[in-house]
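Peer 1: Below is one structure. I have some questions about it.
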Amino acid sequence: MNNNIAISKENTIKLSFPLVFDTKTTNTSTKEYVETIKEDEKVDLFDPTIDTKLFVKPDRKTKKNDKSDQRDSDIDIIKTKLKSKKKEKSKFRKDEDYDSLKREDNQSPQGAMSSLPFARPEVPAKKMVSNTNTLNKKNVVKSSTKKSKKQTSAKNRELEQNLLVKPENVVIAGPLSVQELAVLLTVSETEIIRSLFLKGIGVTINQILDVSTAKTVGEDLGINIDHVKDSDEESKKLQIHEIDNESLEKRPPVIAIMGHVDHGKTTLLDKIRKTQIAQKEAGGITQKIGAYEVEIDYKDQTKKLTFLDTPGHEAFSGMRSRGVQVTDIAILVVAADDGVKPQTVEAIKYIQAANVPIIVAINKIDKENADIENIKQQLTQYNLIPENWGGDTLMVPISAMKGTNMENLLEMIILVSEIEDLKANTKVKAQGTVLEAHLDRTKGAVATLLVQNGTLRIGDILTAGTSMAKIRGMINSLGEKIEECLPSSPVLIWGLSKLPASGEHFEIFDDEKQAKIAVQKAQEANKENQTIANTISENYTLSNSNTKGVINLIIKTDIQGSAEAIIGSINKIPQDKVQVRVLYASAGEITETDIDFADTSGAIVLAFNTSLATGASKAARHLNVKVKEYDVIYDLLDYIELTIEEITGPEYDKKSLGKAIVQGVFPLAKSFVAGLRVTEGKITKNAHIEVIRQDLVVFDGSITSLKKVKEDIGEAIEDSECGLFVEEFDTWQENDIVQAFELIPKKRKEK
């Protein structure tokens, strides 16, 4: 074979070795084509003087192979470097303390809380306050998305839970999920879900809980949960008090009357206003915030005062809290014949937390068993020390019923208001707070507002949370229609798109476009912080073996504050056998829609200080829907408790009969019998027993049979021995304690 292969410079052919030639002549064979090449165009590929690269075009595969070889070379270099680094890291050098190490030091008990000598230290949680657990919502949301690849077994999780210690106080920044709350409270998610389930709230592990719901869970578990609000929210609320100093004018004081139920708050206000409000109130108790303006003569001048009469009943804590937040002076009413009570203490805490000046009115001094000095002594426990005892708290003994010392009390109020130097700017747009809201048959959604700065006028475009209004009308506390409202004055307005939430701040905008933007922002914020307690839960599938039934409720009230109070009171009913589920609670009259939904869901409709709309009463009778109407919150709560008792059956008081100790365990067929020695009292065959092991009740039930040798006996007395068989329990152990009781049925309340 001739080594000299001739090719054309224009056309190339593919050789047996990896060279690719581009050829135009596709139908001509290689041999024929080579013979047609002119002599001067032939090239000797094996001639060392010829640069064959000028004529050769590399194949694409060749290019890829070259690049692959280059990458392989680079990878080999990198691997070599990594190996050298690993070798350097793996070197172990003994130091002078090496010989003192012991194998036992590196062994630890199983569990996440065990101390591992070489474990990475835990990163401390952010925003910790003293010894309390704190949760920053943003941080937790991020961290909660990281899932561990290894799933902990149920046994290990239980061990972890036992090792954790529940905190006494926890601080949260806002709404959070069930899972996040469980981490903070060091409890299982199941425990939180069960607690809410029994209150009628079905949740999942990732569902968001609002602050009030989280606090309710904390109360059930004996953990105090504090809410630290974001700085942005706080600064927004403080904008109300940012006033142009050059345009300031004196304004009337806002005075909140607070104290325990039946201590005479409304009677005191009646005496000041010279009215008879107390006689008109259902059950003799205030059940909503009453806002009133009063003009009194003082030193040849007419002074205007604004009073807020807050409810004293336990259920209305939310209203009391709102009342003190907008007040300038607080009057704490304490009955001289009754003393300091739970709601008195709660009111003191609200007042002191708001840093509001306080005047104590010791009422009912005309009663025979009145003890003014004892009241003063009780109040010193809460850092309220009278001036004549060396303190700085103003205390005025009065009789609201007879009008004793009323002038002294009013003089003190005016004196304190002058010291406080209360001012506002009437030339700016109005700002203030929503005290209450309800639905009116003719006006629609109406709200009672307290103007705190600026001037409110008919036609103003107002927003309060997600509610918006072009004010169509205003009525003052005397029931008179007015065109404008000045600072420190309460006013009833209508023209609202929907009911605003009580306690919401309101502000005025120049046009509807700006107002709609503000409402849209509030709606977006509400989507994130939406409370699950006010929505119908679809999570009805959670089962609990201890739950004996479900009560579905639809609650309609006169105002939103009453609905809030009723829901809060229902959640505090001490029971864990029945799930009380509030499907929804709202202000307004009962409609046919409410009746239809109650029929579908099997709910009881509770009406509080409201009535049935036209057609609703007929629909309720036709569909056999139970509707209960109340005007006193005590009666409404009593009805719910009685309904719970009907489901759970009779409740019993336990009367101790005797105690015995297990001295031996004997087999009987497929079960076991406990051999007892009675140490106290007696054990009767009909007794209810508890089996106690290491201070824990391992069985609670009744006796199947009681024997002495082989004979049935009715009872075994102290220092005697007997055999005890319980069909439902056979895991006896020596030294178990058997406590016997007689069950005495509790008396039922009458409906």
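Note: Cβ is positioned from N, Cα and C throughout, glycine not excepted.
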Peer 1: Would you please say which range out of 25-28, 65-68, 309-312 has the annotation region 'G3' in Swiss-Prot?
Peer 2: 309-312
Peer 1: When Swiss-Prot marks a stretch as region 'G1', which of 35-42, 227-234, 259-266 is it?
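Peer 2: Based on what Swiss-Prot states, region 'G1' spans 259-266.
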Peer 1: Of 284-288, 719-723, 744-748, which span is tagged region 'G2' by Swiss-Prot?
Peer 2: 284-288
Peer 1: Work out the three-state DSSP category of Lys265 (GTP binding site).
Peer 2: helix
Peer 1: Among all protein chains shown, how many Cβ atoms are found within 10 Å of the Cβ of Gly259 (GTP binding site), not counting that one?
Peer 2: 28
Peer 1: Which residue counts does DSSP yield for the region 'G4' (363-366) in the helix, strand and coil classes, in that order?
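Peer 2: Counting residues by DSSP class gives 0 helix, 1 strand, 3 coil.
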Peer 1: Of all the binding-site residues here, Asp262, Lys265, Ile365, which one's CB has the most other CB atoms within 10 A?
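Peer 2: Within the set of binding-site residues, the most crowded position is Lys265.
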